[in-house]
Amino acid sequence: YLVLIQLFLGNSCRFIAKPCAINLGIQDSGPHRAQPNAILEKVFTSITKSPDGKRLEGLSKQLDWDVRKIQRWFRHRRNQDKPTTLTKFCESMWRFTFYLSIFFYGIRFLWTAPWFWDTRQCWYNYPFQPLTSRLYYYYILELAFYWSLMFSQFTDIKRKDFLIMFVHHLATIGLITFSYMNNMVRVGTLVLCLHDASDFLLEAAKLANYAKYQRLCDAFFMLFGVVFIVTRLGIYPFWILNTTLFESWELIGPYPSWWLFNGLLVILQVLHVIWSYLIIRTASKALVRGKVSKDDRSDVESSSEEEDVTSNSTKGIFSTSSNGSNRLNGHVAGGQWTGE
C-alpha cells in the first residue's frame with residue numbers, strides 16, 4: 001500500500017496537478033541562482049552554509065567583495081536547490097486529493113457505523129469485534145499514507161517544527177498500528193476521521209496561494225483554523241478521550257495496554273494545543289494586517305534573510321517568495337509561511 005501511495009503521488013503530479021498549475025499560470029521557474037564562484041562554493045559545501053561575521057569579513061577581503069554581496073550569494077546558494085512553486089503546487093494537489101478522498105470515505109463508512117453515534121459501542125464485546133473489509137482498507141490506506149509522510153520528512157527542507165511533526169508522525173503510526181493489533185479499530189476510525197476533517201482545507205489554502213488567489217487563500221485558512229480548533233480542542237477531548245479514558249475503563253476495565261494507548265492519544269492532544277495556539281496567533285495577526293501574513297512553521301531559511309524585508313512583510317501566509325517544500329502534515333507552527 002505504501003508503494004501504491006507513492007505511485008498515486010507520481011501519477012497525480014504528472015497527469016493532473018501539473019496541467020492544472022500550468023493552466024493557472026504557475027511557472028516552473030526556480031529561485032535566482034548564485035553566480036559561479038569556486039571559493040564560496042568550497043566554503044558552502046565543505047565548511048558552512050551560513051558563515052558568521054568573522055568568516056564573512058575574511059571572505060570579503062579575499063574576494064574584494066562587499067559583505068552584503070557575499071551574504072546575498074550564500075542566500076541564493078541555499079535557495080537555488082529548493083523546489084519551484086510548480087513542484088509545491090503538485091505536492092499540495094495530491095495531498096489535497098488524498099485528504100479529501102479519505103475524509104469522505106471515512107464519513108461515508110462511519111455514517112452507518114453504530115459507534116459513530118454512540119461511542120460506548122466501541123467497547124461492547126471487545127476484543128471480539130469483527131474486522132470488515134471496508135474498515136481494513138480504511139486503516140491500511142491511512143497507515144501507508146503516514147508512513148510515506150514519515151519517510152519524506154527526511155528528504156524535505158528542514159523546518160522549525162521538524163521535531164514536533166516527527167513526534168506527531170510517530171504517535172500517529174504507533175496509534176494506528178497499536179489499535180489495529182489490539183482490535184481497537186472502532187475508536188481508531190473515529191480518531192482518523194476527526195484528524196482528516198481539517199487537513200484538506202489547509203492544502204486548499206496552499207493551492208489558492210500558489211495560484212495567487214489571496215482572498216481565497218485567506219478564506220480557506222480561516223476556515224481551516226475554525227475546523228481545526230473545533231475538532232482538536234472540542235470534539236477530540238470531549239468525544240474521543242472521553243470514551244478511551246472513561247467509558248473504556250467503565251465497560252472493560254483497565255486492560256494492560258490502556259496506559260500506552262491513552263498516553264499516545266494524550267500526546268496528540270498536547271500537539272493539538274500547541275498548533276491551535278499558533279493558528280490563533282496567526283489569525284489574530286491577520287485581523288490586524290488585513291490578510292493572513294505570518295505563520296510559525298517556516299523553513300529553516302528565515303525570511304529575515306531576504307533582501308527586501310519590507311516588501312516581504314506584505315506577502316500572504318503562503319508567500320512563494322521563498323521556495324521551501326511542504327510534505328508535512330500541514331499544521332502551523334513561527335516565521336513566515338514562505339515555504340508553503
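Easy rule for this one: first residue shown is 1, then count along the chain.
The backbone N, Cα and C atoms fix where each Cβ goes, glycine too.
TrEMBL annotations:
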DOMAIN    40-84  domain 'Homeobox'
DNA_BIND  42-85  DNA-binding region
DOMAIN    87-288  domain 'TLC'
TRANSMEM  96-116  transmembrane segment
TRANSMEM  136-155  transmembrane segment
TRANSMEM  162-181  transmembrane segment
TRANSMEM  220-239  transmembrane segment
TRANSMEM  259-280  transmembrane segment
REGION    296-340  region 'Disordered'
COMPBIAS  314-328  compositional bias 'Polar residues'
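The average pLDDT computed over the DNA-binding region (42-85) stands at 80. In the domain 'Homeobox' (40-84), the DSSP tally of helix, strand and coil residues is 31 helix, 0 strand, 14 coil.
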